[in-house]
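Below is one structure, written out as structure tokens, with a few remarks after it.
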Amino acid sequence: MKDDKGRSDTVNGYYISNSKLSSGFYKRNNANTASNDEKPNLEQNDIPSVTSSGSSTPSSISIEKEIKISKGNVIVKAIRSWSLYVAIIAILLLLVILHSFQGRPQDNGCGKSYVWPSYVRFVDFDERYTRFANKYSLYLYREKSVEESDEPSGIPILFIPGNAGSYKQVRAFAAQAAHVYANAYAEDADGTLNAGKLVPDFFVVDFNEDFSAFHGQTLLDQAEYVNDAIPYILSLYRQNRKISSEYDNEAFPPPTSVILLGHSMGGIVAQATFTMKNYVDGSVNTLITLATPHAMAPLPFDRHLVEFYESIKNFWSQSFLLSPEENSLDDVLLVSIAGGGLDTHVVPEYSSISTFVPPSNGLMVFTSGIPSVWAEIDHQAMAWCENFRRVLIRGIFAIMDARTSKCTVSLNLRKELLSRAYIQGSSFQNDITQISKPIAQYKALDLDLTYVYSEMPGQLLFLNQLGVSYIRHHIFPIPKPTSSIDRFELLTDQPIDLSSSNIKVLACRLDPKIDNTISALLENGNNKVINANCHLLRELVTLLPASTAYTSSPYGGDSFYNYVLPKEKMDDYHFILVSDDSKAPASGFVVGGFSNVSLDPKTIKGSQIELFKSGRKFQFDTKGSISKRFRFPGIQSSIMAYTISVTYELYPGAVPQKEFTPMLKQSIESPFETKYHVNMSNTELSVHGISPFMEFFGKESEKSLTLEFFLNPAIYKSVYVSIQPSYYRSAGRLLMRYRTLLASFPVVVISLAAYNQFRYFHYGSAYLSMSAALEVMIRKGLIKLLFLVSILSIAFSYLISRVELIVADGADPVASWKIFAMMVPKSFWKQNHLLFGLQTAQFWFLAPLLTLMFVGLVITASVIILCVMHLLAFIYGIYLRYKGLTFTGVCQAVKFSFQCLRTRNTRKLDHGEFKKLSSFLSQRNMYYANPSLCYVYGKKHMQARIIGIMLLLLMAMTVVPFQLVYGVALCTQTVTTAKALHLARFCTKSSHYRKKLWDFYNFSCTITILMLLLAPLDFPVLIVWARNLSMHWSIPFPTHHNFFSIIPFILLTEILRTGKMLPRLNDVEYYINNVFLFLLSFYSLIYGAEKPYLIHNVVGLYFFWLLFLYAKNGFFVQNISKWPIIPRMKYFIKHKFLRSIS
């Protein structure tokens, strides 16, 4: 058929020419034919019997022979279908997970911080220093309430914001640092300067809120910019230090390194600076990261982001395996601070650094265990939490030392001071740099006011009120030898680490000129005074949250002080002195004494099955110690939550204290996590230990839960503990750890559904709809799939090489780490990134449970997509009506077209009857009466499409990322599918032709759903690109101009746009097609969590196969041969080129 412009048309399997319209219009293409009578569904009368176009002739499959199909209307079919109930189960599971996730403890123990900010931009930091000068900026923060000069002259600290983070997030930390220095300088200016403390100069980079979590190249650009900024920052001090009049310039050399403070992905940028080519050796020696996902990328959808992570971890781990002379990181300290369970952006376990940093150069803590914080903090609050910033800046201020060019103390001292600040704690009045130095005091104790306790453990000091008893001095003689005791321990609510405290706990030596034992002094009745040299050992004091009858959470209240003197340090002393110097009655308590109970935790054994079934129950006596520790080898997974109930048996006549109620401390060693539960009776337990998809590194005992109970042994006689699994609370913990599978696992389900579509289509049936294919998959393959994932989960959990070595107690931790680090890379199974990442076989049941949920969610999503397609088809029908259709014209077109079909004669189209319909309006009526004619495209239109494709591909290879072209292809395919649905629903031609339209729609819908599932993997890069475009940043994405990543999608969508149905396959093609579908399903199932970005390539490979099938049946030859340029090229080659050569 030629239109008024001379275009020759193709109608979905029928070829129209100007000369042989009749024969061409009804030329049969067996590859596209199905002799059905009705719209394809699962009814008996819809099962056709059509032979395949291949060499073999398989018999038609009867669906009812394999699956019992219900009769009735749509509602009855839906009620009786298995898909509905699987979808309902999946939705219920998802709702339980979401409700559990939202119902987790939400208490945020953060106070708001108040600042007076001022930012100084360095406009001189331009293209002379960095190629990113037009994109990023560098600022210096100044707190106007205490700082007047805008010139940096102190100690440089560079803050790096995270994903979509603002440079203004530095204000809370910088303001606190400015106040800390101002207060210290005002209190003792000379002492502050002599200690090497100068004003902290907080610099900050402005990344214009880049989406660094989505794109590896963006992280590389940011790391390069940071390395460009560091030398510029250091250059500012060479002149400013010389002209400063606040201190002796000779005592403070110009700095050669900066301290990096990174929030979220800013911590990864800080860590990556060492791997860049423009890094200056020694320019950074301390990194502190806040809520940074060091172990894994939070969204591994970008190939270069995952490779970026791997390169960083490999660089760090391999560097520490070198000798100190060759290791560029030998003097670098990395401190990682995680926010805990309130962080909904980053999985807390991802902040672990133990796999690539040895204990000598790394420190990892959770905010729930940081003294004076004792709270989980959400991701954004890490940048402004008042309680947290006080402790954080206190640690940074402690390690600063401007007397050296590195501006920090030595590596060992840095870790010791930060451990003191972030793990052990101390009163804020103390200078933590001086805590390790004992405070000497000489004591002359009046024996009339002194009580001497027995040398044997068991006798307890218990003061329920201070300043009341006439006994003011309590002496605990240290037995010689000390083998009969393990330690001296004391707990109080008084700040015993201050020399001004009313309660003093001192380790004392007797005056050797008088006597050297307490017993000798007491036997001598003439002595009225005990003279002793005593020391306040502040490093033995650890801060604990206050646990009273009035506290409900560990944060926001006062502190307890726990004093523990191990027997190894008792040899230099004769007795422990506890003095009550209160001059008037005061509230407070003291409980303490010798303990012969080891601090080593007692192991509570039991099988994992028993733990899941009935939990753990045990009891213990409190006699002999304030604290008791227990370890639970089976409780180590981060996806399981528990509830703990504690009941107490009191001594007869004892009354519970209000000032000190029982407290529970839960902890694991790797990663180091501590959490406190005050006023303990019932609470929830969960750990951030072994996590899905995380490397198993170190000893298993380091990841087991340890519980430590603090209580008054003078009141409580026995404790009864019951730990029960909480499956409801555990459900909420699955969301954060398996959210990436929401993007990859649906591909598994759709691939298996496509297999069923091709299977029935190959054996003569209609091409099943997605709903029917999913129903078949559920009835015939769901049990097999659940069984498969269960077996694979168990097998993978046992195949993982955990590199667990028997390391002697007390062995050098650095040497042990190197052994682990050297053995882990040698194992292929070193990481459990496969399938669901389950590292213990006991959790195998999660695999089929999650699989069932994902299958049901795919069913739900497919129903939603089909509804959207029907809506788009309806809109398309309205569009056709508004293109000038009339009821009379439609009726004439219907009548005319049926005459042609009935007589099998189209000569009328060449004569007067067609002339009557040749107007634009009449042609539209004809299209609406025969919707298949809407697939007709002329030569010029096809040429325009080809030119458009070539332009898109050229742009994808040069200017825009291929993900943008993919979005265009997805939109085109969506419109094609909606159009196909409209044509199939309103086609007025024969039932056989209408069947072809339904087959084409179902096939196109499958392709559309598959492409839609890839969108979450590709669109994050588009967000980054659009962000750069909005900032007028024109540097292209060199890593996202991949021709082969987009060409199969473009070509296939263009083929489908012409309405060409995939031909039936012969047996060989059918089995090859199955291999491709199973490959796609297998890869998405096994590697979907580790490398989901490669799913795009696997789908592209499958689309190449579909293109081959189209090409094999002559689609490209038939269409390309019609281009006018083809005969011209033949004429040119034959008559011009060949003649010129001859």
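Just so it is clear, glycine is given a Cβ too, placed from its N, Cα and C backbone atoms.
As annotated in Swiss-Prot, transmembrane segment covers the listed stretch 1035-1055 rather than the other ranges in 153-173, 447-467, 720-740, 1035-1055.
In this structure, the CA atom of ASN679 (N-linked glycosylation site) is 62 Å away from the CA atom of ASN1002 (N-linked glycosylation site). In three-state terms derived from DSSP, ASN596 (N-linked glycosylation site) belongs to neither a helical nor a strand segment and is classed as coil.
Beyond the ends of the transmembrane segment (1075-1095), by six or more residues, the same chain brings 300-303, 306, 692-693, 738, 740-741, 743-745, 747-748, 751-752, 754-755, 758, 789, 792, 831, 833-837, 1014, 1017, 1101-1102, 1105 to within a C-beta distance below 8 angstroms of the stretch.
Looking at ASN679, ASN1002, the glycosylation sites in this record, the fewest other C-beta atoms within 10 angstroms of the C-beta turn up around ASN679. In this structure, the C-alpha atom of ASN596 (N-linked glycosylation site) lies 45 angstrom from that of SER264 (active site). Only residues 6 or more beyond the boundaries of the transmembrane segment (1006-1026), in the same chain, are considered here, and those with a CB under 8 A from a CB of the stretch are 210-211, 214-215, 218, 299, 301-302, 742-744, 746-747, 750, 753-754, 757, 770, 773, 862, 865, 869, 960-961, 963-964, 966-967, 969-970, 973-974, 976-977, 1037, 1040, 1049, 1052-1053, 1056, 1092-1093, 1095-1096, 1099.
Scored by C-beta pairs under 8 angstroms, the transmembrane segment (741-761) has its highest count with 849-869, from the stretches 81-101, 781-801, 849-869, 1097-1117. It is 45 Å from the Cα atom of SER264 (active site) to that of ASN1002 (N-linked glycosylation site).
If one looks beyond the transmembrane segment (849-869) by at least 6 residues along the same chain, the residues whose Cβ comes under 8 Å of a Cβ in the stretch are 83, 86-91, 93-94, 734, 738, 741-742, 745-746, 748-750, 770-771, 774, 778, 782, 785-786, 789, 836, 974, 977-978, 981, 1005, 1008-1009, 1012. On a Cα basis, ASN1002 (N-linked glycosylation site) lies 39 Å away from ASN1028 (N-linked glycosylation site).
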